[in-house]
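Contents: one structure, followed by commentary.
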Amino acid sequence: MVPAARAVLDMAAFAHNFAWIRAAAPDSKIMAVIKANAYGHGLIRAARALPAADAFAVARVEEGIVLRQAGIAQRIAVLQGYGDEEGMRLSARHGLEPVIHSGFQLDLLERLDTSVPMGVWLKADSGMHRLGLADEEFARARLRLARMPQVRQPVPVMTHLANADATDDPTTEIQLRCFGRMAGGRGEFSIGNSAGLMAWAAARSAWVRPGILLYGVSPFPGRSGPEEGLMPVMTLQSRLIAVKQLKTGDAVGYGGDFICRRPTRMGIAAIGYGDGYPRRAATGTPVLVRGRRVPLIGRVSMDMISVDLTDCPSAEIGDTVTLWGQGLPVEEIALHADTIPYVLLCNVTQRVNMVETVA
C-alpha cells in the first residue's frame with residue numbers, strides 16, 4: 001500500500017546545502033544545528049547525512065544522548081545546557097558540551113566530580129535577552145570557568161543574533177559590538193546563525209551555526225532557498241483520493257467558507273492538519289498537481305484538503321499532490337498560512353511516511 005502522505009527527503013540536498021555553507025563561510029568551522037528532530041527531518045538521519053560537519057548543536061541533553069547512542073562521534077553542543085544535576089552528569093558521561101548561560105548552572109558545575117574535563121560553552125547575552133550572561137555577570141562567569149579543573153580549557157564563547165534576517169536593522173551591528181566588548185579579541189567564538197553567516201561578515205567567526213540553511217530554506221523574508229542556490233531537502237506530498245464535479249453556488253468544506261463561482265472540478269487530497277499541513281492555509285494556497293499549480297479551496301480538515309482542478313482537467317484519482325518542496329518553496333506556503341517555514345517543517349507529524357531518496 002502506498003502511504004497517503006509522505007515526506008520525500010532528498011539526501012543529496014543535505015550535501016549540496018552543506019557545501020554551499022562551507023563556501024559562504026570558508027574560514028569557519030560548521031556546527032550543524034539539528035535540534036527539534038532536525039527541523040522535522042529526522043535527528044539521526046540528518047546527522048548521518050552531514051558527516052563533514054565539525055560539530056552538531058541540539059537544544060536538549062536528551063537529543064545529544066540519542067545521537068551518541070546512534071554512534072555520532074562529532075562534538076555536540078547542547079544549546080539549552082542542563083537544568084539539573086542529572087542533566088549535567090549525563091552530559092559529562094556522554095561527552096556532550098552544554099552551553100552555560102546562568103549562575104545556577106555554574107554552581108552545579110563547580111560540584112562536578114569527573115576524571116575527564118568536560119567541554120562546555122559560555123553564552124553571552126549580547127542583546128537578545130533570552131539566554132546568556134551579560135556584562136559583569138559574563139566576566140565573572142568566565143573567570144569562574146577558567147578556574148575549574150573539571151572543565152576543558154579554554155572555554156569557547158557563543159551568542160545568538162536576534163534580528164540577523166533584517167539586514168537594514170541596526171540591532172545586529174549593536175549586538176556584534178556588544179559581543180566584541182564582552183568576549184574580547186581572542187578566543188574561540190560562535191556568532192553566526194543562518195542569516196548571520198550570510199549577511200554579516202563579522203558573524204563568520206571561528207564557528208558558524210547554520211540551521212534552516214541545511215534544509216534548503218532561506219532565513220530571509222521574501223526569499224526562497226532555491227533563489228539562494230539551495231536545494232530543499234523535504235518535499236511533502238500526498239495523492240488525490242477523490243475527484244468530483246460541483247455546480248456554481250456549491251459550498252465546500254466545514255463552514256461552507258468557499259462558494260463555487262463557476263462549475264468546479266474539485267479534488268480531495270489525503271492530507272490535513274493531522275499530518276502537519278497548516279490549518280490556517282488560506283483559500284488560494286498553491287499545491288502542485290501534474291506539475292501545475294492549483295489552488296486550495298475551503299478549510300483545511302484534519303485528514304483532507306480540497307483543491308480546484310478546473311484548470312487541470314487531466315488530473316485524476318491517484319495523482320501526486322505536492323504541498324511544498326521541489327518546485328513549490330515552503331517559504332511561499334508559510335506566507336499563505338501566516339506562519340514561518342520553520343513551523344511547517346517542524347510540525348510534520350509521525351503519521352507522515354519519511355522516504356529517503358538521492359535525486
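Even glycines carry a Cβ here, placed using N, Cα and C.
According to Swiss-Prot, the feature active site, proton acceptor maps to K35, Y254, an assignment based on sequence analysis. Positions annotated as substrate binding site by Swiss-Prot: R130, M302. The N6-(pyridoxal phosphate)lysine annotation in Swiss-Prot covers K35.
On the structure: features taken from Swiss-Prot.
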residue : record                       : DSSP (3 states)
K35     : active site, proton acceptor : helix
R130    : substrate binding site       : coil
Y254    : active site, proton acceptor : helix
M302    : substrate binding site       : coil
Are there residues of the same chain, six or more positions away from Y254 (active site, proton acceptor), whose CB falls under 8 angstroms from its CB, and which are they?
G298, R299, S301
Under 8 Å between C-beta atoms and at least six apart in sequence, can you list the same-chain neighbours of K35 (active site, proton acceptor), or say none if there are none?
A57, V58, A59, R60, E63, L79, G211
Starting from the Cβ of M302 (substrate binding site), draw a 10 Å sphere and report how many other Cβ atoms land inside it.
11
Over all shown protein chains, what is the count of other CB atoms within 10 A of the CB belonging to R130 (substrate binding site)?
10
